[in-house]
Amino acid sequence: MKDMDIKAVFIGDKAENGPVYKMLLNKMVDEHLGWRENYIPSDMPAISEGDKLTPDYLATRDHMIEVLDEVSQRLRAGSIPWHSAGRYWGQMNAETLMPALLAYNYAMLWNPNNVALESSMATSQMEAEVGQDFASLFNMADGWGHIAADGSIANLEGLWYARCIKSIPLAVKEVLPEKVKNMSEWALLNLSVEEILEMTESFTDEEMDEVKAASSRSGKNIQKLGKWLVPQTKHYSWMKALDICGVGLDQMVAIPVQEDYRMDINALEKTIRELADQKIPILGVVAVVGTTEEGQVDSVDKIIQLREKLKDEGIYFYLHVDAAYGGYARSLFLNEAGEFVPYASLAEFFEEHHVFHHYVTIDKEVYEGFRAISEADSVTIDPHKMGYVPYAAGGIVIKHKNMRNIISYFAPYVFEKSVKAPDMLGAYILEGSKAGATAAAVWTAHRVLPLNVTGYGQLIGASIEAAQRFREFLEQLHFTVKGKTIEVYPLNHPDFNMVNWVFKVQDCTDLNAINELNEKMFDRSSYMDGDVYGERFITSHTTFTQEDYGDSPIRFIERMGLSKEEWQKEQQITLLRAAIMTPYLNDDRIFNFYTKEIAKAMEKKLNEIIK
């Protein structure tokens, strides 16, 4: 199929596709019931017609119905309507894909466990294919991936890979010293992933087991592996990962971000060189594609260039890209053959595939950041974010399939004798039991919406277009409330689809008062104000503190007419925050309707707040 209509793959804001969903769900349930009935039909039924007429049976059935009625009532009363086409402007939540929901519902009836092939033959194969989808999305020809519970687990696994691989040369020096003779400890700690994998390829299976036993999994030499460098915009899961992996929070170094909230590459190089001068190695660097609070895209290409430059000087680091939020957006740049389209051809490419309905800008720096992900050693990607599939579905992909043999807990030669395809996941991942229904959901989503411009590119293009238009809408917005003019200041041009903004009383130069106003707006526009089902505008918020962000917000502070001194006094700013994931707002009719509606809702809330 050339280009898809994304309105056909969601249940719909007003359940417009509800009849299709119900028809397909009933069809699939009927097929499952028939599958049960047709399994050795001559077997005696375990539940007889007489059983179904007994008082205890009937009472139990009625009690079950009552409990499920309560579940329905509690979910309807206590859930946030983020399916809305234009009322919800908050967290990374939106409509989920109808095919993914149906596949999850259907596969759940079999309750497959993807940790073992014997309990999930169908869905284990699906997960293997999803892992290959991830590798193809990032143009990693030798890559391998799998689904994880979430991005935090995937990040933890990325650090696990980095720690284990970095420790292998020291383990080789201990148990097979002849393999690394004449190499200093510094040289061993600065070997590339490819050099380490090439070294281990010559080992026998027994030698490899010895080396792994002496690696970081033994607890030895972990503090020798060096620092873990993250941007100030890091996700909080990295602190937990450093703790759990035994690397320690003291080994984490936060690299400053620029005014555009991307990692400062000059600061990164300076930090690495200062550490190298002290003979402190770099365990790894994290780049973020789609930061949690701002949606920004770090310059992965410049980090790769820096790594190549430093490699010539005998300094090397593992690179993990945390693309939990932004990873799926790489589909936007891939043609149907999976090729990354040149930047010079991008405008024509988007026009050919009708990606955008209005003028949308994709910065060259953002484009290059996405392009360079293919050079990372591992990448986090979350289907339950921009993949629009149900929770819980994170994911990770590694650049070289052989990397997994470094972290495996069962010798691959044992599994390969008894397990052909797909691979026995349990040997290579952090998790144990895992839902096969998740694999079915992600696999189905990837087949209905290919990971290129004709599929996910259409969906994510709609999201990016809506974000840029929403920011333009906010820029032009102002209100007159009780004789005061309320201005709206969007943060920055979004690299992706996140928009942050601040409400401010005109001529107010008191940052504390501005923060209070925006805290109150959040309280009035979220679950903090109680039941949100009747809310006409729902949003989220965040706080940029000097402790976390340094002085990167100063430019924004000054744009609002405040002084640097005011920032230094308060050292934090509260912003309203929206991940624009709704798939419908690239439609002019819908965009115009909802922007008018939420402007009215904003004005009403401001009238309630402003004294």
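All positions are counted from 1 along the displayed chain.
Each residue, glycine too, has its Cβ placed from N, Cα and C.
Note that the structure is a prediction, hence the values are computed from the model and not measured.
Annotation source Swiss-Prot lists active site, proton donor at Tyr413.
The C-beta environment of Ser152 (pyridoxal 5'-phosphate binding site), restricted to residues of the same chain at least 6 apart in sequence and closer than 8 Å, consists of His235, Ser237, Lys240, Ala241, Gly394. Annotation source Swiss-Prot lists pyridoxal 5'-phosphate binding site at Gly151, Ser152, Thr292, Asp382, Pro383, His384, Ser433.
Swiss-Prot lists Lys385 with the feature N6-(pyridoxal phosphate)lysine. Taken residue by residue with DSSP, Lys385 (N6-(pyridoxal phosphate)lysine) is part of neither helix nor strand, so it is coil. Long-range Cβ neighbours of Lys385 (N6-(pyridoxal phosphate)lysine) (same chain, at least 6 residues apart, Cβ-Cβ under 8 Å): Met92, Gly151, Ala324, Tyr325, Tyr328.
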> When you measure from the Cβ of Pro383 (pyridoxal 5'-phosphate binding site), how many other Cβ atoms are you left with inside 10 Å?
Replying inline: 31
> Can you tell which of Thr292, Ser433 has the most other C-beta atoms within 10 Å, given these are the binding-site residues?
Replying inline: Thr292
> Among Gly151, Asp382, His384, all listed as binding-site residues, which has the most CB atoms within 10 Å of its CB?
Replying inline: Asp382
